[in-house]
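Look at TrEMBL and you will find 50 tagged as pyruvate binding site. Residues or ranges marked as active site, proton donor/acceptor in TrEMBL: 138. Summarising the annotation, TrEMBL assigns active site, schiff-base intermediate with substrate to 166.
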């Protein structure tokens, strides 16, 4: 197991491949993980939001984690998402992740609950007491309905086995506050591939970013290598490029659609097969209007 103090850089959150009929396709995964590894991410994440954990059974999630552990080399940190509607399922998934030799877990609040601060803290106390591997709190307000405030995150980070946060708050101000307050002493993964947040990251706030796939390939992991060797200019060029890329993607697709809806399409248009989504989300065909708009963006960034 890679010690959590060494977790840093760009961690690629992998999509989970399904076939046209919606069945889990581990055959595609056998090709997909080596492609990701060839792009040089500093870590790999499976069964996160990009991995459509909510569209899988527990048995499927266990199979995905096991296949990832078989394919991801021991020197690359492997984190496994253990979010679940039922706390007991999160415990089961985290125990399985530990048993296969995963390096860590990501755990969010269960979705569709109305929780107060005491409930939230008690939930993570319960989870932390069952863990046999280090975990990041996944602050995921868009899916679970709670944006955990900084002061409460600070208390949760004092719990056993809770070593950091994957911060998906939509609030730029809170994101920056979390980085400033918590980023020096904990494994905080945030959207540091944004110009303002990157300025904090260069000063030692935060560990990196857990991002959906690698839509710009090795350029995303290169940023963190460049920062480590003091090449801020090269890092800033890619940060600006990535920010513009995301703006163009949103312009092509529109707001309101989940990232896993179009990350698989972006990958396919880039020449990397990541399978299909699972109903009720339907992946557009390559000739659909949204695919045509996305293809133009992809071609500009990859000269495809």
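Glycine residues also receive a Cβ, built from the backbone N, Cα and C atoms like all the rest.
Annotated features taken from TrEMBL, shown on the structure.
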residue: 50; record: pyruvate binding site; Cβ within 10 Å: 24
residue: 138; record: active site, proton donor/acceptor; Cβ within 10 Å: 24
residue: 166; record: active site, schiff-base intermediate with substrate; Cβ within 10 Å: 25
DSSP three-state assignment for the residue listed as 'pyruvate binding site': coil
